[in-house]
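The structure under discussion appears below in the form of structure tokens.
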Amino acid sequence: MNRMIFKMNFLFYSVIIVIFISEGVLSTFSELSPAIKKIDFLPSSSEPASQYSTHRLAFLDEILEKYDKRAWPTYGKGMPTDVKVNIYINDIGSVNAANMDYSLDIYLRQLWKDQRLKLSTFGINQSVTLNGDDLINRIWKPDLFFRNVKEARFHRVTVPNMLIKISPDGSILFSMRLTLKLSCHMSFRHYPLDTQRCHVIVGPYAQTTDQVRVSWQEKNALLIEEMVELNEFDLVEHSCGQFLRVIDTGAFSFLNVSFILERQNGYHLIQTYLPTFLIVMISWVSFWLNVDAVPARVTLGVTTLLTLTTVAAGVRTQLPPVSYIKAIDIWIGSCSVMVFGALLEFTLVNYLSRSEKTTESLKKPVSIFKRQKTSLVNPKLSQEEETRENTSTMKEAIMVDRVCRILFPSAFFVFNLVYWFYYLYTPELFTDAVPKDCESSALTTRPCQAPCTRYGTDKNTQNKNLRSIHIDPHPEGTHRLSFIDKVLLGYDKRAWPTYGIGKSTIIKVNIYINSLGSVNAADMDYGLDIYLRQSWQDHRLHLAEYGLNKTVTLNAQDIINRIWKPDLFFRNVKEAYFHLVTVPNMLIKISPEGDILYSVRLTLRLACEMVFHHYPLDTQHCHVLVGPYALNEERVILKWTNRPIQLNPKLRVPEYDIMNTFQTGSSHEHYGGVGNFSFLKITFTLKRQNGYHLIQTYLPTFMIVMISWVSFWLNVDAAPARVTLGVTTLLTLSTVAAGVRTNLPPVSYVKAIDVWIGACSVMVFGVLLEFTLVNFLSRSKSRPEDIFKPIKVFQSRRPKIIQDSLNVQMRTTKEMAINLKKARHVDRVCRVLFPFVFLVFNIIYWLYYLLLEIKS
């Protein structure tokens, strides 16, 4: 009985607890239901609750079920898809003058409308924002690429930095974060007081103006982070523009951004201008030193000049080897002239201060005896007579010093006025203001570089010569390229087009050279940024058989990967990579007759067998060798198109001039056991510009040789000054030679620059040997200090001893005079001989190498 009562009570209380819990759950759900309805990813309340799960975006799967990402949104409607672009610049990285490039960290945002993704059709009245790769990769996107990019990469930490926002009306916002290294054609004529103009050029790679038309967003087309600061430049201006580019593959709309970068002067004022200004002022100290202070004045002049050479070498490492004269070259050259002038002034002063009468007086015994006799009575009288003999020349020397104390600072002050006024107030002309390969078209209403220009809308004025690539609506739907699937049904991409016919497939090749990178002599290679275009005929892709009478241009990777393509490779390549930003830079164009055009953008690092016998007066021949890797001549034969090589009109190489002629041809190479292969060859003839090496190597070494000749004008007794001068100049030449050697590979043969530096070293070393000979000739066999001992002579009261001492002194003096005369004669001869020999060497050197260069 008790057990029955217990069971009934337990059941009663259990029912009560269940009722209370149920009421709590229902009240909680009623409070949360308004918030759940606000979630973007759920359908409206009008949709059945069972149709979509709360943890799945099932409506997206339904939208994309019949979606064809290969077709642009307006495909079949007879009009291009308008894509609005906005760029947010997060950071502007370092501007590299040596490589002529700069880096950007940007958010690229693209906005277009795709009716196939209209969410309101599926009852979704709010925008959907996602960043999943699976969704982004399943929809159509513009194939934008950066035309002047060197390197580009996506940001993928912690996930790929991309988002896509779909609005109910079908508007699509696609944003991605990119880091770019972009080329910038710089001019350094005003360096370091220069202003540079750098561009960002972006546009579609395969989607022509009949498919896609890009333009800037109406508002806030270009935004720059407020905290952006550049290390060496000030961003003084930026502008946006757009232009039409017409090439072999069609007409493309491009956008461009221009940055005006003004170099900050503070760094170079502190690091270059002020030090060199002080060095010039230090050289003027020589004018205030005594005329007889030969070692001090020589050391001062040589040291300041060599310091200027070191500063110039430091500046040179920050710039590419351009051949024209820069503002910093004029400054350092003028400072070098001032310091060299101070050294020459000392040479003149030292020459004027030395009297020729002293030597003549040593030859006369009478004058010697008189001097000795006079000195016995009054030693001071002898000094007065000697002073009077040198008074006239000494006055001239002192006068020259006094004049130069005013002349040199005045000349340098006038130079500074002219220099700073010219470079600070003369505007620098930009040679790349307008893209040279941008063709004027009726689609643009303003010049290409005009800020924020907009396309025209008059379709009747479009270029009628362009081959249209618009495709008529297909009966199976206006938003699907289903005919491609039919064409590729049963297509075997492993078989070449002429397989089974008994003849080879003809592949015609065209290469557009966008840029020719730095030519690295040390590694013997060079860089190329190219568009490789291949065309052939494939009867299996005969679109006319499927009722299509227009050419199709696509960049869909699934289509490109499903058709046969030639297996070309570059035989002399060291490094190569595709451009994959913002999409793989590839396109394929299929004509109704089955003609295929395949274009891909590549960056290559190619080996170049260089010969440096005439360096730096040399001309190099670099090649591009391209051919199939596995398809021999029985399958594929390569040929050039009518226009095999096309150059970017703005193509520049810092140290070379590209010759106008390009040698192109085809060759056949045999590989044992594999067969013969058809190869195409391009030869670039690159002539090295001489201006850079004239300024940086030849002129400094020429000046060093001339400085060494100052030794011939110094006194024979100035041993410390002459030795210091010779040794310092010789060591400086060795330093210059070491700097030249770092730019070249360790070849064993003799180069033109080796001959030059070797000859200069021989000249300087010859000056040292000449001084050794002069110093040896000027010294008597008996030591003069053992002879001129007046105290011992005066201690003896005997006239005979005095007479004997004077006779010995007279003979020694005559011998010294003869030796000194010989030494000075050697100096006089070398003043003419050394410059004459160096002049003859220069004539032979330049005639030989320049004539050989012309002949080659």
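Cβ atoms are placed via backbone N, Cα and C, with glycine included.
For 59-237, 484-689, the entry in TrEMBL reads domain 'Neurotransmitter-gated ion-channel ligand-binding'. The domain 'Neurotransmitter-gated ion-channel transmembrane' annotation in TrEMBL covers 272-391, 697-786. For 273-291, 298-319, 331-353, 403-425, 697-716, 723-744, 756-777, 832-851, the entry in TrEMBL reads transmembrane segment.
Remark: the transmembrane segment (403-425) makes no contact with the transmembrane segment (832-851), by the rule of 3 or more CB pairs under 8 A. Taken residue by residue, the domain 'Neurotransmitter-gated ion-channel transmembrane' (697-786) breaks down under DSSP into 70 helix, 0 strand, 20 coil.
When averaged over the domain 'Neurotransmitter-gated ion-channel ligand-binding' (59-237), pLDDT in the model lands at 91.
For the transmembrane segment (298-319), the list of distant contacts is 97-98, 188, 191, 272, 275-276, 279-280, 282-283, 285-286, 289, 326, 328, 332, 335-336, 339-340, 342-343, 346, 696, 700, 703, 707, 710, 714, 718, 721-722, 724-725, 728-729, 732, 736, 739: same-chain residues at least six beyond its ends, Cβ to Cβ under 8 Å.
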